Structures are given as C-alpha cells and as structure tokens.
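Chemist: This is the feature table in TrEMBL:
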- Asn9, Glu379: Mg(2+) binding site (BINDING)
- Lys16, His207, Leu208, Gly209, Asn210, Gly211, Asp283, Met284, Arg285, Gly328, Ile329, Gly330, Glu331, His332: ATP binding site (BINDING)
- Arg92: substrate binding site (BINDING)
- Asp149: active site, proton donor/acceptor (ACT_SITE)
- His180: site 'Transition state stabilizer' (SITE)
- Arg240: site 'Transition state stabilizer' (SITE)
Amino acid sequence: MTDAILTLNAGSSSLKFALFAIEGASPLLALRGEIEEIDTAPRLTAKDATGSALVDQSWPESAGDFQSLFAKVIGWIEDHADNYRVVAVGHRVVHGGPDHVGPERVTPDLLTVLDSLTPLAPLHEPQNIAPIRAIAKLRPDLPQVVCFDTAFHHTMPVVARRLGLPREYEAAGVRRYGFHGLSYEYISRRLSETAPDLTRGRVIVAHLGNGASLCALHKNESIDTTMGFSALDGLMMGTRPGNLDPGVILHLLQQRGMAVAELEDLLYRRSGLRGVSGGIASDMRALLASTDIHAAEAVELFCYRIAREAGALVSSLGGLDGLIFTAGIGEHAPRVRELVCRRLAWLGVELDRDANARNAEKICTTASRVEVRVIATDEEAMIARHTLETI
Ligand SMILES: Nc1ncnc2c1ncn2[C@@H]1O[C@H](COP(=O)(O)OP(=O)(O)O)[C@@H](O)[C@H]1O
Ligand SMILES: CC(=O)OP(=O)(O)O
Ligand SMILES: [Mg+2]
C-alpha cells in the first residue's frame, strides 16, 4: 500500500479529482479524473499517470445532483485505487474571505467561517464544503486541507483591491479578492521553469473555463485580476454575465420586481454564453459546433470581452510581454484564441496560425512583440503540494 493524497476540485461545471502518491517531498500523480457537465450531461472520465483511460461513464439521470455524483466519484476511487491508502484530502475552496490567505487544515471553526462565505460564492462554496463534511463524517481521523482560490491574489496592491464605495464597506470585507488563484499559482510556477524571461516581465494569464478570468502578473505576482468581490465580475462566462452596470440590477429589482433568488439564478446560471446563445449551450464545444447565429454571437461576445478586459490589465501592468491561455477553453479552443489575439494585434500580438491550430505550447510568430503560450493548468497538483506541506 502506498500513502496518497486525494484532491477534490469542484468547479461550476465539473468535479475534478486526483490521487497523488506521497514520494519524498513532492506528490506524484497516480490518477486523475473528472465528472464534467455536472448540470446537463454528467460524464465521468479518468486516466492513469501515463494518460491511459480508466473509465468513461455517463449518468444523464443524475444531472444537477451534486451529492449523488460526488458519491459516485468516491465509490469509483474506492474500487479502483485499492493499492493506495488515502492519508489526507486536499480541497479547492473558492472563497477564503479577507482573513484566509494560505492553505489551512480543516477545523470545525474554519468550516463555520466557510459557511458564512457561501453568499459570496453561491455557485461554488456549497459544493466545496459538502465533500469536506461528508468525508469528516466517514473518516473523522483523516486530515483535510483547504486551498483558497482567493489566496494567490493577496499580492494585489490596495488600489486594485479597493471598490469606490464608502470606507466602512471595505472595512467589512467588501473589496475585490480575485479567484482561480490555484490555477494562476500553477501557471506562475510553470513559467519559472519554461519561460523564465516572462517571470521578470508583464504577463496576462487568461483562465478560460466555465468560469473565466484574467490575471495580470508582474514579476510573476498577481497585481490585478478581472474577478472581484465575487466570481461574477469581469469576463462573460459559461452562465455568468461578467461585469454588469449595477444600474441593471437596480432596474431588475425596482422596475421588474425581480425577487433576489431569481436575480441570483439569472446572474449565476442563466446568463453568459448560455443566455446570449438563446439557451443553446453554456459549453464552448457545443457553441463552436453550432451553425446557429446566436451561438456565433455568444462566442464573439466572449472573445470581445476578453480582449476588452485584457486592454484594462495592460494598463495596470504598463505594457505586455506575455499572454498565456489556460483552462478548458484556453487550452483546447484555437478559434477562441484566434479571435482574442486578432483583437489584440494593436499590442503587437501576432499568432502563428499553424501552431495555434495544433494547440502548440508557443503559438506566436517570431516577430510577435508579445509571447503567446498555451499552458495546461493543474489546480490538482497545486492542491496536492499545499496539502502535503500543510500536514
Ligand atoms: N476541445 C475543446 N474545445 C473547446 N472547448 C472546450 C474543449 N474542451 C473543453 N472545453 C470547454 O472548457 C469549458 C470547461 O472548462 P473547465 O476549465 O473544465 O471548467 P470549470 O473548471 O470551470 O468547470 C467548457 O466550456 C468546455 O466546453
Ligand atoms: C471561481 C470560478 O469561477 O471557478 P470555476 O471556473 O471552476 O467555475
Ligand atoms: Mg475550473
């Protein structure tokens, strides 16, 4: 039996998991998998460390039922990883609030704090916390560690964190936090290994998954990002509108008499690619495959908003040396990268079309003034490292 760390990463459209063998100081990947499209067409796939497929199974009847899908993942791991002894579980938790800026071991008090942050991340925090409680019940002795998406952004200067509201709100925690921090932390480490020049310069990382954001890295530290107080801000996403004139919210509440729960549903689940495509899909693969004009318009708006927000971050950075695409869409959708890069040509971004079509690591021409790369993110590897360090 080999000691291992189990990692769980509940995103807005997927539940990702991995098992890492503990070998010396660094965890070694044993297997990884995910259930994707949890709300529409749940499908479990997993691969061993060499990339060989271990399972491909669908449960259309369990769409939207997170608890039952989580139980299926745990059941599958128990059946297929019996030569590993899980000695700790690491979780991605989206919101750590103002006081939690590093990985922490789970305690009952910490769980109470995390519960109180649920209104700030209603699409994620409940799915992040439920597995912690379920595991604590089954195995109270098993150490569990939480790794916050907000933590990586603690280097943001005050001016990037502050909202234009009266001071008392900031003191009460109403400020910009930023998310996808485990992904940005992993990318920053990969840059140190593969493109060290960029770690001394000004880089925008585009994490384009079902949730999406941009991070401005200056000398490899976050100095600004497009998500703010909640995971609603910034880019348009799979089901979220991204930044929105607050006047629209007032209009919906006052003139349309919309209830708060209805508004929350609109902003977290019915907008973004799903809403703009007229309900065709929130999933980029389906939109790119569709011939419907509304699907094409949704993709166009997605890319327009990325280029527009990137322009704002170029201003925060005072220029741009590198542009990195990552996460589900960023890693696998050449069309989206092409549309974004075309809009950023004024910065000296010049895409190599063949390299882009191949999802190559470097996708710019030699003449490009900005180095454009595709880097596969690995939030699980970050969670495993933090978990091992914490226990
Ligand atoms: N081959 C592909 N081409 C285009 N989009 C893809 C591809 N593979 C995955 N995606 C998109 O990536 C998104 C999911 O990304 P992911 O990072 O897993 O999301 P999250 O972690 O937010 O749940 C979906 O919109 C999906 O359609
Ligand atoms: C913060 C967030 O939106 O996460 P995800 O992209 O995993 O949904
Ligand atoms: Mg994700």
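Cβ atoms here come from the backbone N, Cα and C positions, even for glycine.
Caution: TrEMBL annotation is automatic and unverified by curators.
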Chemist: Could you check the recorded positions Lys16, Arg92, Arg240, Arg285 and say which one's CB has the most other CB atoms within 10 Å?
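Modeler: The largest 10 Å Cβ neighbour count belongs to Arg240.
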Chemist: Using the residues the record lists for ATP (Lys16, His207, Leu208, Gly209, Asn210, Gly211, Asp283, Met284, Arg285, Gly328, Ile329, Gly330, Glu331, His332), what whole-number Å value is the largest Cα to Cα distance?
Modeler: 19
Chemist: Which of Asp149, Asp283 has the fewest nearby Cβ atoms, counting only those within 10 Å, among these recorded positions?
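Modeler: Each of the recorded positions Asp149, Asp283 was scored by Cβ atoms within 10 Å; lowest is Asp283.
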Chemist: Within 10 Å of Asn210 (ATP binding site), Cα to Cα, which of the recorded positions Asn9, Arg92, Asp149, His180, Arg240, Glu379 are there?
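Modeler: Hits: Arg240.
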Chemist: Using a 10 Å cut-off on Cβ-Cβ distances across all protein chains shown, tell me which of the binding-site residues (Glu331, Glu379) has the largest neighbour count.
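Modeler: That would be Glu379, with the highest Cβ count within 10 Å.
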Chemist: About how far apart, in whole Å, are the alpha carbons (Cα) of His180 (site 'Transition state stabilizer') and Asp149 (active site, proton donor/acceptor)?
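Modeler: Each residue's Cα considered, His180 (site 'Transition state stabilizer') and Asp149 (active site, proton donor/acceptor) end up 5 Å apart.
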Chemist: If I take the alpha carbons of Glu331 (ATP binding site) and Arg240 (site 'Transition state stabilizer'), what is the distance between them in whole Å?
Modeler: 20
Chemist: CA-CA, which of the binding-site residues Arg92, Asp283, Arg285 lies nearest Glu379 (Mg(2+) binding site)?
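Modeler: With Cα distances computed to Glu379 (Mg(2+) binding site), the winner among Arg92, Asp283, Arg285 is Arg92.
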